[in-house]
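Annotated in TrEMBL:
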type	residues	note
DOMAIN	11-125	domain 'Lactate/malate dehydrogenase N-terminal'
BINDING	Asp15, Asn78, Val102, Gly103, Asn104	NAD(+) binding site
BINDING	Arg65, Arg71, Asn104, Arg135	substrate binding site
DOMAIN	129-303	domain 'Lactate/malate dehydrogenase C-terminal'
ACT_SITE	His160	active site, proton acceptor
Amino acid sequence: HCSAKLTPIILLLLDITPMLPVLEGVVMELQDCALPLLKEIIPTDKEEVAFKDLDAAILVGSMPRKEGMERKDLLKANVAIFKNQGAALDKYAKKTVKVLVVGNPANTNCLVAAKSAPSIPKENFSCLTRLDHNRARSQVAMRCGIPATQVKNVIIWGNHSSTQYPDVHHCKVNMSGSELTCFDAIKDDDWLKGDFITTVQQRGAAVIKARKLSSAMSAAKAICDHMRDIWSGTHEGEFTSMGVYSTGNSYGVPEDLIYSFPVQIQNKTWKIVDSLAINDFSKSKMDATAAELVEERDTAVAFLGV
Ligand SMILES: NC(=O)c1ccc[n+]([C@@H]2O[C@H](COP(=O)([O-])OP(=O)(O)OC[C@H]3O[C@@H](n4cnc5c(N)ncnc54)[C@H](O)[C@@H]3O)[C@@H](O)[C@H]2O)c1
Ligand SMILES: *[C@@H]1O[C@H](CO)[C@@H](O)[C@H](O)[C@H]1NC(C)=O
Ligand SMILES: *[C@@H]1O[C@H](CO)[C@@H](O)[C@H](O)[C@H]1NC(C)=O
Ligand SMILES: *[C@@H]1O[C@H](CO)[C@@H](O)[C@H](O)[C@H]1NC(C)=O
Ligand SMILES: *[C@@H]1O[C@H](CO)[C@@H](O)[C@H](O)[C@H]1NC(C)=O
C-alpha cells in the first residue's frame, strides 16, 4: 500500500460544454482540499484532452432517467455515450489503463465501453459494486455492534440494481476474540435471508428518498476503495466485489457480461474467487440477476450495431 500513498496524481475532469462553469466550482473545491498528492487539475470538454495517456479512468457521466422516458430510449442514450468513451479510451489512453464505470446502468455501460475499445484488454474494465459491498459489510457490522473492519468477505453478485444478490454465506465476523461465520455471529437466519438482503438492494433508493439526492459521499468512498484495491491489491485471505468480464467459466454465469463477482487482486490483476460452495438459495438469486443482465446486454448490443 506504500506506492499508492506516494503517487502524485493529475486529475483530468471531463464534462459536457454547458457544464464547464459548474466544473470550475468542482476545481475550486479540489484546490481547497489542499490534497498533498494532487499535482494538477485539468478541466475540459474535449475527449482528446481528457483521455490522453490515462492510467486510470473513472466514467461517471451518464444519461439520467427523465420523467416519462422509456427504458429502451434511456439505454440507447447511454450506449451512445459509452461507445464514444470506449472509442476515446482506445484512441488516446494507455493500453494498460484501468477503467471503472460508475454511471448507470453501470454493468452494461461498462460492457459497451469495453467492446468499443478493442485494443485495451477487457480485464482492464470493471464496474462499481463496491458501494453495495460496503453497504452489506456495514449492515452486518451494525447488527453485531462491531466496526465494519471486523467483517470480511461479503459478496455482491450480479447487476448493480435491486436484483443484485448480497451474499453472506462466506462472510467472516471477528467478534469476542474469535472468527465466526456471519450466521453464527448474528443468529438470525430469517433476517440474513430477508431484510438484510432487501435493505442492501434498496439502499440507493432509501438514500434518495431521505436526501432528495442520490448517494454522493458513499459512492465517492467506494470509488476510492475500488481503485485503491486495483493498485495495491486485496489483503491475504480477503476478497472484494467488482463487476468484471465473465468468460462463462465461473459459477454458471453466461459469458460476455459484466457481472459482479468476488475477486482477489494482486499485481493490478484480478481473479474471480472460483471455488466457493453455492447453495440452491444463492444459485437462484445469482441466476435471476444474470438473466436481467443478458436481456439488457442484448438490447444494448443491438443499439451498438446501428
Ligand atoms: N455504481 C454505483 O454504485 C453508483 C453509485 C452512485 C452513482 N452512480 C451513478 O453514477 C452516475 C452519476 O451520478 P452523480 O450523482 O454523480 O450524477 P451528477 O448528475 O451529479 O453528475 C454527472 C455528471 O456527468 C456529466 N455528464 C453527463 N454526460 C456526460 C458525457 N457524455 N460526458 C461527460 N460528462 C457527462 C454531467 O454533466 C454531470 O456533471 C449516475 O448514473 C448514478 O446513477 C452509480
Ligand atoms: C441493471 O442495473 C442498472 C443499475 O446499474 C439498472 O439501471 C438496470 O435497469 C438493471 N438492468 C435491468 C435489465 O433491469
Ligand atoms: C479481532 O477483534 C479483537 C477484539 O475483539 C482484536 O483484538 C483483534 O485484533 C481482531 N482481529 C483482527 C484480525 O482484526
Ligand atoms: C506484474 O505484472 C506485470 C505487468 O503485467 C508483469 O510484467 C510482472 O511480471 C508481474 N509481476 C509479478 C510479480 O507477477
Ligand atoms: C490490464 O492489462 C494489462 C496488459 O495491458 C495487464 O497486464 C493487467 O493485468 C490488466 N489489468 C487488470 C486489472 O486486469
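Cβ coordinates are placed from backbone N, Cα and C, and glycine is handled just like the others.
Bear in mind that TrEMBL entries carry predicted annotations, made automatically and left uncurated.
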Legend entry - Where the record names Arg65, Arg71, Asn104, Arg135 as binding substrate, the maximum Cα to Cα distance in Å: 27
Inset, instruction - Sorry to bug you, but what's the C-alpha spacing from His160 (active site, proton acceptor) to Asn78 (NAD(+) binding site), rounded to the closest Å? - result: 16
Legend entry - His160 (active site, proton acceptor) versus Gly103 (NAD(+) binding site) - Cα distance in angstrom: 11
Inset, instruction - Would you measure the largest Cα separation among Asp15, Asn78, Val102, Gly103, Asn104 for the NAD(+) site and round it to whole Å? - result: 16
Inset, instruction - Note down the number of other Cβ atoms within 10 Å of the Cβ of Gly103 (NAD(+) binding site), including every protein chain shown. - result: 21
Inset, instruction - Filter the recorded positions Arg71, Arg135, His160 down to those whose C-alpha lies within 10 angstroms of the C-alpha of Asn104 (NAD(+) binding site); answer none if the list is empty. - result: His160
Inset, instruction - Could you state the whole-number distance in Å separating the C-alpha atoms of Asp15 (NAD(+) binding site) and Arg71 (substrate binding site)? - result: 24
Inset, instruction - Find the one among the recorded positions Arg65, Arg71, Arg135, His160 whose C-alpha lies closest to that of Val102 (NAD(+) binding site). - result: His160
Legend entry - Contacting recorded positions, sequence order - Asn78, Gly103, Arg135, His160 vs ligand 1, Cβ under 6 Å: Gly103, His160
Legend entry - Same-chain residues at least 6 apart in sequence whose Cβ lies under 8 Å from Arg135 (substrate binding site): Pro166, Val200, Arg203, Ser218
Inset, instruction - Go ahead and report the DSSP secondary structure tallies for the domain 'Lactate/malate dehydrogenase N-terminal' (11-125): helix first, then strand, then coil. - result: 55 helix, 20 strand, 40 coil
Legend entry - Around the Cβ of Asn104 (NAD(+) binding site), the count of other Cβ atoms that are within 10 Å: 20
Inset, instruction - Pop the mean pLDDT for the domain 'Lactate/malate dehydrogenase C-terminal' (129-303) in here, whole number is fine. - result: 97
Legend entry - Sequence-distant neighbours of Arg71 (substrate binding site) in its chain (C-beta under 8 A, six or more apart): none
Inset, instruction - Going by DSSP, give the three-state secondary structure for Arg135 (substrate binding site). - result: helix
